[in-house]
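Enquirer: Below: one structure in structure tokens.
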Amino acid sequence: MPSLGGKAQTVLGPVDPDCLGYTLTHEHLTMNYSSCFCPPSPGQEPLSDGPIEMKNLFWIKQNPYSHKENLLLYQETDAVKEELLHFKAAGGGTIVENTTTGIGRDINTLKKLAEESGVHIIAGAGFYVDSTHSSRTQAMTVEQLTGIIVDEILNGADGTNIKCGVVGEIGCSWPLTQSEHRVLQATAQAQSQLGCPVIIHPGRNSDAPFQIIRILQEAGADASKTVMSHLDRTIFDTKKLLEFAKLGCYLEYDLFGTEFLHYQFHPDIDMPCDNERIARICMLIDEGYEDRILIAHDVHTKNRLMKYGGHGYSHILKNIVPKMLIRGISQDKIDKILLANPKRWLTFK
């Protein structure tokens with residue numbers, strides 16, 4: 001079996017990392033998020049079942065997880081293909097697709113989208129949060145879980161020969177469950193064996209990223225090949241963020257385009273806007289972490305697609321990059337965030 005060292009692995013096979021181009025490190029192209037449905041507020045139940053229409057788009061934007069159809073991104077393959085073409089036309093090269101076991105990974109569709117769009121797509125191995133773990137997954141040992149993750153990278157996922165190129169997003173709740181703890185240990189063991197990139201979905205608590213990195217490192221993981229996702233909704237205190245940055249993992253701000261008043265999964269969280277995300281990135285650059293920053297949109301519901309009035313996968317390249325330049329982030333630093341940092345992370349050791 002040929003070594004993956006020095007390569008990045010897409011759904012169409014290994015590639016030279018220099019070919020990846022501008023890369024979004026945390027997106028979903030096909031996904032079923034029904035397991036995370038949030039019942040609507042009393043009196044709003046009829047809004048959950050209707051189609052997505054202009055007259056209810058604002059309600060869906062504020063309550064994306066209470067509209068049943070909105071959670072079925074897998075139904076929109078044609079729209080996603082079209083939006084990948086917009087991404088490519090805007091200068092995009094690669095999408096890291098973070099859908100793992102439990103939320104409807106469809107590896108065959110990812111291959112088809114890569115073939116038809118010309119965009120490199122890198123699929124994720126492993127498991128999402130505990131609430132999506134099957135009883136079989138919850139009963140597995142660390143060694144069994146490790147075997148599955150390694151197999152999805154070396155041999156193919158979901159009964160195919162289409163291979164994953166990252167581990168993750170590995171789902172973690174707060175507090176962390178025993179099953180999630182074992183998956184983290186398995187993730188670390190797989191990374192130790194393969195030298196592969198890892199990406200983590202942390203629980204919604206500012207202590208969660210610290211706990212996760214500790215567990216991973218104790219099990220043999222390499223923090224320098226690991227991404228901590230969703231920092232824009234997880235660590236708000238600047239001092240604590242800089243303390244976390246010292247641990248050496250990649251710092252991902254991946255909710256660009258998400259701007260709403262009420263965060264359904266954690267109402268106490270004030271979701272930042274894109275201008276605030278850019279300000280956070282400016283601060284991290286000023287503190288010397290430009291080599292550790294990654295950005296994305298985490299598109300995972302229909303309303304985020306251009307078809308439904310959303311921003312799509314090209315928002316960062318079309319809108320955020322120009323604003324970053326206005327805010328004094330140089331093109332060289334933008335190229336680090338969108339080109340060099342993803343390339344370094346995605347290259348197998």
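In case you wondered, yes, glycine gets a Cβ from its N, Cα and C as well.
Unlike curated records, TrEMBL annotations are generated automatically.
Taken from TrEMBL, the feature divalent metal cation 1 binding site covers His26, His28, Glu169, Asp298. For Glu169, His201, His230, the entry in TrEMBL reads divalent metal cation 2 binding site.
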Enquirer: If you run the three-state DSSP split on His201 (divalent metal cation 2 binding site), which class comes out?
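Expert: Once the DSSP labels are grouped into three classes, His201 (divalent metal cation 2 binding site) ends up as strand.
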Enquirer: Roughly how many Å separate the Cα of His201 (divalent metal cation 2 binding site) from that of Asp298 (divalent metal cation 1 binding site), to the nearest whole number?
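Expert: That comes out at 11 Å between the alpha carbons.
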Enquirer: Work out the three-state DSSP category of Asp298 (divalent metal cation 1 binding site).
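Expert: It is coil.
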Enquirer: Around His230 (divalent metal cation 2 binding site), how many other CB atoms lie within 10 A of its CB?
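Expert: Taking every protein chain into account, the count is 21.
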Enquirer: Determine, to the nearest whole angstrom, how far the Cα atom of His230 (divalent metal cation 2 binding site) is from the Cα atom of His28 (divalent metal cation 1 binding site).
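Expert: Their Cα atoms are separated by 14 Å.
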Enquirer: Should His26 (divalent metal cation 1 binding site) be counted as helix, strand, or coil on the basis of DSSP?
Expert: strand
Enquirer: Would you find the one among the binding-site residues Glu169, Asp298 whose Cβ has the most company, meaning other Cβ atoms within 10 Å?
Expert: Glu169
Enquirer: Note the Cβ centroid of Glu169, His201, His230, the recorded divalent metal cation 2 site, then list each other residue of that chain whose Cβ lies within 8 Å of it, in sequence.
Expert: His26, Asn98, Gly168, Ile170, Gly171, Cys172, Ile199, Ile200, Pro202, Ser229, Asp254, Asp298
Enquirer: Under DSSP, is His230 (divalent metal cation 2 binding site) part of a helix or a strand, or is it coil?
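Expert: For His230 (divalent metal cation 2 binding site) - judged by DSSP and reduced to three states - the answer is coil.
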